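Lifted from TrEMBL, the feature list:
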DOMAIN    2-74  domain 'Cation-transporting P-type ATPase N-terminal'
TRANSMEM  58-78  transmembrane segment
TRANSMEM  90-109  transmembrane segment
TRANSMEM  257-274  transmembrane segment
TRANSMEM  294-323  transmembrane segment
TRANSMEM  804-823  transmembrane segment
TRANSMEM  867-887  transmembrane segment
TRANSMEM  899-919  transmembrane segment
Amino acid sequence: MYSQKRKDVVKQLETSRHDGLTTESVEARLTKYGPNKIQQEKQESALKVYLRSLREPIIIILWIAIGLTLISASYDFFAKNDPAHALSSVYEGIVIWVVILINSGLTYWQKLSAKKSLDALSSASQHQANVLRDQSWQKIDASQLVPGDIVDVKMGDFIEADLRWLSVNELQVNESHLTGESDAVEKDSKVLPKNTGLADRTNMGFSGSTVVNGSGLGVVTATGTHTELGKIADLLQQNKTQKTPIEQNITQLTKRLMIAAIGVVVIAITYDLVKEYLNTGTIPITALMDSVSGAIALAVAAIPDSMPVVLSIVLTIGARVLARNRGLIKSLSSVETLGATTFIASDKTGTLTKNEMTVTRFFANGINFAVDGNGYDPVGEITSIEDGEIGQESDYISFIKGAILDNESQIQRNEKGHYEPLGNPTDVSLVVLGHKAKILRANLLSQIGDQDYDILRVFPFESERKMMSTVVKIGNNYKLFTKGAPDVIMQHTTDVILDSKSVPIKEAQATLEEQVLNYANDALRTIAVAGRTLTKEEALNATQTELEDQLTFLGIAGIIDPPRPEVRKSIATLHKASVEVVMITGDHPATARAIAYRLGIIKDKQARVIEGQEIEKMSDEQLFEVVPNIRVYARVSPEHKQRIIKALQKHDQVVAMTGDGVNDAPALRAADIGIAMGINGTEVTKDSADLILLDDQFTTIENSVAAGRTIFANIKNFMRQELTTNVAEVLSILLGTFLITHSIGHISELTPTLTAIMVLWVNMISDSLPSFALGYDDSEHDVMTVKPRNVHESLLANHLLSRVMIRGVIMGLSVFIAFYWAAKSGMQVNEAQTVAFLTLVFGQLWHVFDARSTHTLFRRNPFSNPYLLAAVLFAGISSLAITMLPFFNTFMGTSMLNWQIYIAVIFLPAIPTLVLSGLKELFKIKIW
Ligand code: ADP
Ligand code: MG
């Protein structure tokens, strides 16, 4: 394709440069070539995922438990000739097996649903392409591109397929992913000789490259696996299903708990056997078998079986909550990092401000003018500030012409008669100024009037250069117009027009700088315009650097970009939450400081502002010293952002950083949370971000941080609930082993307080369901008034461990006391165990209302989470039901009780929770 003429390529692909493809031919081609995708995602088979989940350590313990139940059953059946008892052991085995099925089924289902919701979320962040079809330009999903499509790319876009360029405008792309060459490559549309190497095919664009400058129009020559990228894609393919830090943490924790569980089991069995030996002098096999069946219950009790599953479900719920808040996260691990964020470094323009620019003042020919008017409405008076007189056109015509010809934007009237901006807001504000001065960009360019204006070349605005230039043909003359940050423009100028005379820049510099500072102190964004006459030869062939030199300074515009009204409040909220907000901007330091002050980012009008130049001069160590105290960075380029992030991270800060331009991508990757703008962000930044703000609003960052904190708090809450229950279970069984040394009534010293099946029921039903529901809890009133979580801290820190132990011990004690009381009052084994079981179930169902608060249950409306209420009701009622229904009586070893006892086991277990929480409220106790 690169060795053919453009015309021939277009013909060969049976398309049209001006009309694009038709819908029918697109459909036909889609069927023929398939979607424009490279990674045919390797779907792991359901069976494989399922089988792998059966190998989780927790599940292995359960398999061992099943083995033990079978041994115990065969012993009962063959040696003791006790088929009834053998059958109950077999039941136990079956139940454990069912638990394994449920658990791995849940794991499997959760993996699928997490993937589904992440896919759904990421489809919103999928790459888009601008394509000409059926004669009109439209944005489509890049996967729908077909060979023959005519596409259009501009700075910040990805090239989504292999293209042959039809026309380019200062187009530069980065194709390092194919060539390894990290410098941008200039593109054109000229025919190349046959056998040109990939890296030298300058008339082609390759899938996966990024456009770093200019724009281009091309025709798609290959899509999907047929592209150059597709050919090497197998090399690049990597599967990354990483566990999030918190998942790793919990896996580690469960492993430790398992080891502890095995330890406890060994101790308990040894204790039983030693006691038996001391009493009788032998260890009869009966004793061994009895203590084994108690040990099974113990082992099952000690492991938080459902914790990993519940965790992933809660994280997935969190991702959905974030999306509802207009924040799109791309991986589950970002959910927890968000909540721990300590520094937010935000772009100014568009994120903190409205990006609705209006020129309110300008300086030209030595005169200071004020401009009236509202927003983009193109009417308003231009008056001299000094004497209030209407301005003279001759004073500002060359300044305004430069401003609107060095410009690619326009304003357009919509159906309602309102004016709408088209293009870069800064540029639009200048076009509007032109309208107010009756110098209309559209008229100049459409040859209405005396002369013929034509923009020949465009060097677009770049935040590194902070300048933009155009080469314009005016009649038979050529001119260069440059505009940009005044301090930068001044370095390229030789003289300035003041009072209709040319003054050397050296003499006028102080005046100009004072002018700029005046504007900047009033929070105005400043732009200088300069120009010069060119020869035809220069105009057509000179390089950008050659052109942008020896300029004449024409004037300065002061542009207002009002702060977004809601941002001030968001910043105040973040400050209360001990999250620092830093402004990063390319604007003048005084403008930046003035806006930062208005937004409350700085409290001191004179706060230090660091400029890009200063950062350049600083060593990493020097930067490290200052970053904690700096809140405003001005005149920075994207590469400074990375250094700022790294310096903050060295202070152990968790940094979130926004970015919108192509060159921000590395900084977004370096940040702990890279944030991209959903509306105004480039494809490249969206691709490297962790969080995408669907509405480009700073307030969405605040909401996302709050959501991240809430999710983390919910995780801690359900951990507290689950672990407390585990402690209670283990303790109540151990107390039975150690404290009941003689038979009491029908209860022998070897009867476990709870059977293994009961423990499993508690773990899987009455504990897990409310735990899931905790994932839906709203934030507590104080999420945004406490300090961010320290990421290095253990999950059990901040009193979680002491709370689990104290509440667990008390709950375990009460279960044992209930059991002991039941034994004393002469109940049968099944009845006594049922009393213990229900005491445990209701103990933890009451406790869950306390566990969902870092304070106490009195601080949270118990009815605020309908899922929780439903889960608690279901758990309570079904737990009662299994003691009443004959089938479950045989199957689970439960027994019907009389109603007084039911009342007691439902309500008495509330007492510890109510009393402890009450004491906690009264005496501000933190440890339980
Ligand atoms: P930010 O995004 O933080 O506002 P920019 O990099 O967009 O910073 O702008 C930095 C400076 O570059 C502005 O203060 C202004 O002087 C100049 N500038 C911005 N946009 C344009 C533009 N379209 N043309 C020329 N100069 C511009
Ligand atoms: Mg900008």
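Every residue number used here counts from 1 along the chain in the order it is shown.
Using N, Cα and C of the backbone, Cβ positions are placed for all residues, glycine too.
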**Request:** Summarise the domain 'Cation-transporting P-type ATPase N-terminal' (2-74) by DSSP state, stating how many residues are helix, strand and coil.
**Result:** 44 helix, 1 strand, 28 coil
**Request:** Sort out for me which stretch, of 58-78, 90-109, 294-323, 804-823, has the most Cβ pairs below 8 angstroms to the transmembrane segment (899-919).
**Result:** 804-823
**Prompt:** Honestly, do the transmembrane segment (294-323) and the transmembrane segment (58-78) touch, with at least three Cβ pairs under 8 Å and pairs 6 or more apart in sequence?
**Reply:** yes
**Prompt:** By a Cβ-Cβ criterion of under 8 Å, what residues six or more beyond either terminus of the transmembrane segment (58-78) are in contact with it?
**Reply:** 85-87, 89-90, 92-93, 96-97, 99-100, 103-104, 254, 258, 261, 285, 289, 292-293, 295-296, 299-300, 303, 305, 308, 756
**Complete:** Mean pLDDT across the domain 'Cation-transporting P-type ATPase N-terminal' (2-74) comes out at 84
